[in-house]
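For reference, Swiss-Prot has these:
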type	residues	note
MOD_RES	5	phosphothreonine
REPEAT	22-75	repeat 'WD 1'
REPEAT	78-116	repeat 'WD 2'
REPEAT	123-162	repeat 'WD 3'
REPEAT	165-205	repeat 'WD 4'
REPEAT	209-250	repeat 'WD 5'
REPEAT	253-293	repeat 'WD 6'
REPEAT	295-330	repeat 'WD 7'
């Protein structure tokens, strides 16, 4: 395993305190989501999960090392409720899953100092827990604690289809990066469904989640169009080929629930897994651990790989930390018997 090395930081003197006029004065404590943009800018979603109101906010940092310091953000905006999930729509659109039950689309202005609301639609009857943009970039999928999945036309600002195929709360949806009509969903009914919206019966059940533990997170392999990975409430991560009946590989990675999974942009991609055990694990193609960080002091909620530096992985959590991890640029060979212990 690799030891953690802190990334080079931009000297504080080189940064300029310049809070945009419409940005909130203070970021909520719980960081729920993080996404790098193609140019290396970092988007954060924050929530306040205490008190009488569940507030939330969105923040853009052109310098990711300055996050989560509000004074160094490029743009920020208060949301009506907590942010459960978010994702980029192109380079300027931001799709948000809200604790209010709304799916929200926000957009950066031309100067990227304002985040402007494009729509806020209350089509779900409970917290929207997850959103994902289909590979076309014009449609998206949302999943909610109301057991429903909805397919959206973002340009028309409307729901195209609504499905109630799960008999429990939907915990994750993941659009295929390879096919614009295909996505995955999982829920608290202990099922993983493979969807193809072109079919008369669009959902088919994957027979890989019969462990008795609820699936909590999903992601597609970036290069193999029939392969995906899921994590469960027990901390197990499993690799699945949709063309075969069961799991190809499984590994108990965490001691608590898996909260997020994301593949790296490497030619042989790493898999980052984050968890309620407050740790980050990075796995190779065989789900063997190559890196572990326990730097967070509360639930780790999301991870995102830098598009500019493939060795840089950023995590956020409920401890209000944005932590940058440096990894090897490519997977390492298996260690020999004389390798020094960490």
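Keep in mind that glycine also has a Cβ here, set from the backbone N, Cα and C atoms.
The list of residues near the repeat 'WD 7' (295-330) in space but at least 6 beyond its ends in sequence, with Cβ under 8 angstroms from a Cβ of it, reads 2, 4-7, 27, 29-40, 42, 44, 49, 64-65, 67-68, 259-260, 262-268, 270, 272-276, 278-280, 282. Tertiary proximity for the repeat 'WD 2' (78-116) is limited to same-chain residues at least six positions away from its ends with a CB under 8 Å from its CB atoms, namely 20-22, 24, 28, 30, 32-33, 35, 37-39, 43, 45-49, 54-58, 60, 62, 122-133, 137, 140, 142, 144, 146, 150, 152, 154, 157. When Cβ-Cβ distances below 8 Å are used as the criterion, the repeat 'WD 3' (123-162) is approached by residues 84-90, 93, 95-103, 105, 168-181, 183, 185, 187, 195, 197 of the same chain, each at least six residues removed from its ends. Here the repeat 'WD 4' (165-205) returns a mean pLDDT of 96 for the predicted model.
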